[in-house]
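Asker: Sharing a structure here in structure tokens format.
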Amino acid sequence: MDLLKQRILEVGVVASDQVLKLDAILNHQVDPVLIMEMGKEFARLFRETRPDKVLTVESSGIPIAYTTALQLGVPMVFARRKKTLTMDQDTYSERVPSFTKGIVTDIMVSSHLLPKGERILIIDDFIANGDAARGLIKIVEKAEAELVGVGIVVEKSFQNGGKSIRERGIRVESLARIASLANGQITFD
Ligand code: 5GP
């Protein structure tokens with residue numbers, strides 16, 4: 001997606017060889033016009049898979065999953081990272097190492113929001129080692145729902161996450177693929 005690549009070059013901050021900060025458009029401040037374009041692109045890519053629902057994990061996945069769901073005309077569910085007092089007792093949960101925080105967190109979805117057999121499209125902001133996406137995939141599997149694919153805004157293809165999930169026969173589409181962040185430079189695939 002050329003518009004996204006252009007914005008990444010404009011506002012992306014290379015925090016290290018491993019981490020790109022997109023706080024100006026995605027991870028802290030949100031650019032609504034760009035996020036809407038991402039939703040349109042994911043909807044175009046996955047409409048033929050007929051998703052019933054879009055699933056993401058809080059917090060940065062939410063705006064992108066929302067615009068995707070809006071374009072597809074389906075609901076969006078986000079996995080929570082903390083159990084709240086109002087949350088149902090009956091949840092699917094997974095323990096996921098956080099790439100950026102360096103800690104392990106539990107992600108959870110109320111089981112009634114993922115009925116068996118529903119067709120689920122997973123959306124997230126970045127993929128690095130693939131732990132967040134794998135956690136969401138496991139929740140879909142526990143629910144006996146049907147995964148139709150995974151849409152990622154930025155795939156860092158020098159890390160193994162996207163490759164390892166594709167090797168399982170799962171469709172993964174990313175809107176921008178970054179081959180390297182070495183020497184403070186953003187290089188696309
Ligand atoms: P993974 O679980 O694939 O190792 O990492 C994916 C998760 O970590 C994403 O949900 C995202 O929040 C965060 N993440 C991974 N790499 C980056 C990065 O380079 N920049 C930012 N902002 N977040 C990242």
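Here the Cβ of each residue, glycine as well, is placed from N, Cα and C on the backbone.
A TrEMBL annotation is a machine prediction, not a hand-curated record.
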Asker: Write down the one residue from Leu20, Leu34 that TrEMBL lists together with Asn27, Lys156 as binding xanthine.
Answerer: Leu20
Asker: In the same chain, which residues outside the set Leu20, Asn27, Lys156 have their CB within 8 A of the centroid of the CB atoms that define the xanthine site?
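Answerer: Sorted by sequence, the hits are Gly12, Val19, Lys21, Leu22, Asp125, Phe126, Val154, Ile178.
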Asker: Which residue among the binding-site residues Ala128, Ala132 has the fewest other Cβ atoms within 10 Å of its Cβ, if you could check?
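Answerer: Comparing Cβ neighbour counts within 10 Å for the binding-site residues Ala128, Ala132 gives Ala128.
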Asker: Output, ordered by sequence, the same-chain residues six or more apart from Asn27 (xanthine binding site) with a CB under 8 Å from its CB, or 'none'.
Answerer: Lys21, Ser60, Asp125
